[in-house]
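Feature annotation from TrEMBL assigns domain 'Major facilitator superfamily (MFS) profile' to 16-473. Feature annotation from TrEMBL assigns transmembrane segment to 12-31, 51-70, 82-100, 106-126, 138-157, 163-184, 293-314, 329-347, 359-379, 385-406, 418-437, 449-473.
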Amino acid sequence: MAPSTKVLDGGWAWAIVVASFLAQLLAYGSPQSVGVLYPEWLHAFQEGKGMTAWVGSLVAGVGLIASPVCSACVDNFGARPVTIFSGVMVAGGLMLSAFAPNVQFLIFSYGIVVGLGCGLVYAATLTITCQYFDKRRGLALGIVTTGTSVGAFIYATAQNELIVLYGLDGCLLIIGAVALNLMACAGFMRPLNMPGYYLKQKAALERNTEEQLFEKPPLNDLKITAGPTATTPEKTLTVKELLITIDPKDLAVQTEKKKGLAGLAIMKVIKKKKQAYSKYMQSMYEILQDQSMVAFCIGIFMFSLGAFPPVLFIEDVAQSEGLIEEVSIIPLVSIGAIATCVGKLALGMLVDIRWINGIYLYAFTMFAGGISLLLIPITKTYAGLQVLTAILGFFSGNWSLTSYITTQIVGLDRLTQAHGILMFFGGFGIMLGPPVVGWFFDWTQSYDLAFYFSGSCVVLGSFILFVLTLPCWNRKHSENDRPDVHYTSNCDKVASVA
């Protein structure tokens, strides 16, 4: 069922954008502002910073690592059922976290359950938005993906106030109840194309119907005349009588034929699956043979390892250094979230300039972010910490460049597989970063060495990415450094975050 051109890029499509934007805001609002909750968990459970940091790292990393599974769920069941189920997961995980007796339970309820729910929401919202847009797809995806940053800005302040009014448990219960509105957002996600699961069910029903019609004996075979003359009245045999009159040898032969055909069909399916799997693995191997792709994977891993911990630790850094007694009205997490939103749009505009190389732009954002991390330990004022948080947040908007650069390296045909590999490396880095920083603090009782380590990782990753992608290396590359991208409006250039 191909969608009509009237449906695309207008009408209900903008309702999909609003619903997807709100879905990402509701799902990612609390996980993206988990830095506000982190000091409260430290005080409540009296665990080490390294152990407690697993909560924030898992909620951000699990969804990325499981992105291939989440995408498969959306392809098979559709965006609406997946969003409803993810609403149950996110809301249930947040509410369960209110009753967590220890950090280990919190790692499961908040880190894994909420993290998987967020991954499902992200895959569902991007898929349904792409289905409803063609010419303005870039603008639509740009609006939808900013929902995470806007949610982090709103939730950071909201969670801070709710903790003051109702305590940590009450805050999580209220935030979990608000997350149930994901189900309402799912109601707007009317599918344009039948999901794979329904198509398979429909095909199975049609195949069974055809087999029944094919196996039904003709009418003449069910009629037996009493004599040789045509004028003799005919008698129609019942099914029971027909089965009795069938020769057992003929029935055995037919059964063996059916079993043989079924066996051949099964062998064909297995052979096709094996060929598809082999082809997929061969494609993955070829992607990882590209030196630029390997360098980009290393760069994303190093950036995620070093640049994500401030999202979780920055509020605790300010309180540990005595720069502020409690979280301010506008937390540092909110400042970083808004700066990230601006960075996504600004970097998207820069990469659209023809003489700017996307890979080198990404390497520069890594270098600048790494320098900001190295300056955090020597900053002794809250205002300076706010400025560094804003700078780091701005350059963290380079996540919007990943799809663009991936297309530049491997092309559109292999974009899905290559992007999945990148998200795996990014999610792995996000999962490891906060616990490592927390262990550094538990070891030295100071964040200084931890942030020196984080900044060094990011700067090292920028140099690796820059050096391994220099033109002097003998590597395959297209004659045109930039992908063949056609824009239909200036808005699409601004929204190249997709």
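Any Cβ shown, glycine's included, is placed from N, Cα and C.
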Folded-back contacts onto the transmembrane segment (418-437), same chain, C-beta under 8 angstroms, at least six residues removed: 49-51, 53-54, 56-58, 60-65, 67-68, 71, 284, 287-288, 293, 296-298, 300-309, 312-313, 402-403, 406, 409-410, 447, 450-451, 453-454
Interface present between the transmembrane segment (12-31) and the transmembrane segment (385-406) (three or more C-beta pairs under 8 A): no
Per Cβ pairs under 8 Å, the stretch of 82-100, 138-157, 163-184, 329-347 packing most closely against the transmembrane segment (106-126): 82-100
Across the domain 'Major facilitator superfamily (MFS) profile' (16-473), average pLDDT on the 0 to 100 scale: 80
Range from 163-184, 329-347, 449-473 with the greatest count of C-beta pairs under 8 A to the transmembrane segment (12-31): 163-184
When counting Cβ pairs under 8 Å to the transmembrane segment (329-347), the leader among 51-70, 293-314, 449-473: 293-314
Same-chain residue ranges lying at least 6 outside the transmembrane segment (359-379) that approach it to Cβ under 8 Å: 292, 296, 299, 302-303, 306-307, 310, 317, 347, 350-351, 385, 388, 391-392, 395-398, 401, 405, 408-409, 447-448, 451-452, 454-459, 461-463, 465-466, 469
Top Cβ-contact partner of the transmembrane segment (163-184) among 51-70, 82-100, 138-157, 293-314, 449-473 (pairs under 8 Å): 82-100
Long-range neighbours of the transmembrane segment (82-100), counting only residues six or more past its ends (CB under 8 A): 23, 26-27, 30, 70, 73-74, 106, 109-110, 112-114, 116-118, 120-121, 123-125, 168-170, 172-173, 175-177, 179-183, 185-186, 189
